[in-house]
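Q: Taken from TrEMBL, the feature active site, acyl-thioester intermediate applies to A:Cys126. According to TrEMBL, the active site, proton acceptor annotation covers A:His239. What TrEMBL lists as domain 'Semialdehyde dehydrogenase NAD-binding' is A:2-117.
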2 protein chains.
Amino acid sequence: MNLAIVGATGAVGQVTLRLIEARYPQHRNLKLLASKRSAGRKMNVNGKTFVVEETTDDSFDDVDIAFISVSTEASRRFGPVAARAGAMVIDDSSAFRMEQAVPLVVPEVNGSDLLWHDGIVSIPNCSTTPLVMVAHPLRQASPIRRIVADTYQSVSGAGGAAMDELREQTRTVMHGGPAEPNAQPQRIAFNVFPQIDGFNETGYTVEEQKMIDESRKILHAPDIALSATCVRVPVLVSHCVAAHLEFEQPVSAGEARELLSQMPGVTVQDDPAASVYPMPVSAAGCDDVFVGRIRKDASHPNGLAMWVVTDNLVKGAALNALQIAEEAVALGAVHGQRR
Amino acid sequence: MNLAIVGATGAVGQVTLRLIEARYPQHRNLKLLASKRSAGRKMNVNGKTFVVEETTDDSFDDVDIAFISVSTEASRRFGPVAARAGAMVIDDSSAFRMEQAVPLVVPEVNGSDLLWHDGIVSIPNCSTTPLVMVAHPLRQASPIRRIVADTYQSVSGAGGAAMDELREQTRTVMHGGPAEPNAQPQRIAFNVFPQIDGFNETGYTVEEQKMIDESRKILHAPDIALSATCVRVPVLVSHCVAAHLEFEQPVSAGEARELLSQMPGVTVQDDPAASVYPMPVSAAGCDDVFVGRIRKDASHPNGLAMWVVTDNLVKGAALNALQIAEEAVALGAVHGQRR
């Protein structure tokens, strides 16, 4: 099976290659693609040296699955090109997520949606994935009516340049220098700000609206009421969500803990007496979605509150994409409905 | 009027002295008190050098108002001593806040509660104050039924040692060293963690329960349903709250903006198109509670979402204490009901 990694030199692309080495240590049928700027760079994967090529209209001949993690604009440009060339496109951008013909997939939640793709499958925004991973199993206890989710999102969600900026800005500020934002809309060193992406007319950011719309699509639950405030925090990797869920019937914290611990891809870390709960630094580099602080929500008789953390580059992006490929292979759905 | 500052060398004590210089530039009738460890230290206030004295049972003779910002244990020890000596005690700890005989006061919200104190007045937790400052004026539009509040709290809320730890740990981590927590329960450099203070049996932290209980007491609204997740973030000064309020009737964002801009001590910073909203670095050192991102909550027909930021050492502590003293003087209530 020939795999193409579009955006191989980016933050998510690099994690994708690391995960390919971990999961498929023999696989060398790879094509590493990127923008013109990164073309010519050499990268080692599974003991073989690959030269990064510029992505063009001719890049996708003989490619079976193309993982795309680039700008939304570049996805719009090359996603359909790759699909027309016969590749299954697994796209990390928001370009196609809400299109009716495109499944938006977290395999543990709605893997069967891969049966009806038409060449392009989208993966959710990195703050949506952890939320639906915990919401889905809890629906076995009772249907969800409403979710309020406030996020604590690391700079790697904005790419490698934002990670560099956090490091450099922190150094500058600690030496008394000025903190001029460049890769981010505001200073991030020793600061937080409630803006990820631009604003809609409703006053919500595009990122917040993604959490709302994408969660409903993945959960097949257009009626769940959702609100979010998405906040950037000075953390390099991992996103956190303070989530407040309201059910049709009361759900106990114990029942929730039980259902969550049975969910594949979810690890419960919930021992407050021992100060055990998920955190960005402990989740970074791990595959799972971690959940803790599970408690009856004091503000609603049918509510639960919890704290959810995942590595936004792993399950929030690269791992979810690879798992979609694996699930599509298992379902015999790599070529979707096209043939 | 003789003022005593108990905990003069601490994070809040130092801000109190700075605010005394700003608000009462002629005032020199001061007694600076602290623990034995800090006794003997010299501090300049309004051009006069004061020697910090150890707090003892005899410290409060001739003191009219004692501002106490020390540990809860030390407040329990010296608060009643100062009150018995005839001082009006304005206490920053959680020692007395929920006692029925002790008013818990944010002057702009419930200043008239100063009329019935019995020697001790408490100021709220630094995460409660900004929340009630925005909740109170909005009740003019419609009664509040429920509040969900998730916080982003700076390390200065845990005192000067935690501020030093954030700086030093950040330096260590940037040089590849280990991050060993000491003043905090977890590593804070490039990390966040959902634990402030210990845990109750409900699974809520003491800090979260304070937000719930104190808000109800200050607002005289025992029926408001409240939930909170309190999170420490790697920021030096200022606390943020992502707040979701539910009203009996719908309240528009415009109406909310109007009511909030008329509230003394609140500044609306809400121009998303220009990326204008409150942040820790812009609120630090300022007197006001700042509010932005005011919008209809997408998850409830009668809901509003907003983002609230204030300097936790200023309005969250020292300023609120001074304003209580000013209000008590204006009301002729310094000596409360005791005489």
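Cβ from N, Cα, C; glycine included.
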Q: Helix, strand or coil at A:His239 (active site, proton acceptor), per DSSP?
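A: A:His239 (active site, proton acceptor) sits in a strand per DSSP.
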Q: Among the active-site residues A:Cys126, A:His239, which residue has the largest number of other Cβ atoms within 10 Å of its own Cβ?
A: A:His239
Q: Averaged across the domain 'Semialdehyde dehydrogenase NAD-binding' (A:2-117), what pLDDT does the model get? Just tell me the whole number, please.
A: 97
Q: Per DSSP, what is the helix/strand/coil residue tally across the domain 'Semialdehyde dehydrogenase NAD-binding' (A:2-117)?
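A: Its residues fall into 39 helix, 28 strand, 49 coil.
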Q: For A:Cys126 (active site, acyl-thioester intermediate) and the residue listed as 'active site, proton acceptor', what Cα-Cα distance in Å is obtained after rounding to a whole number?
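A: A Cα-Cα distance of 8 Å.
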Q: What three-state class does DSSP give A:Cys126 (active site, acyl-thioester intermediate)?
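A: A:Cys126 (active site, acyl-thioester intermediate) sits in coil per DSSP, no helix or strand.
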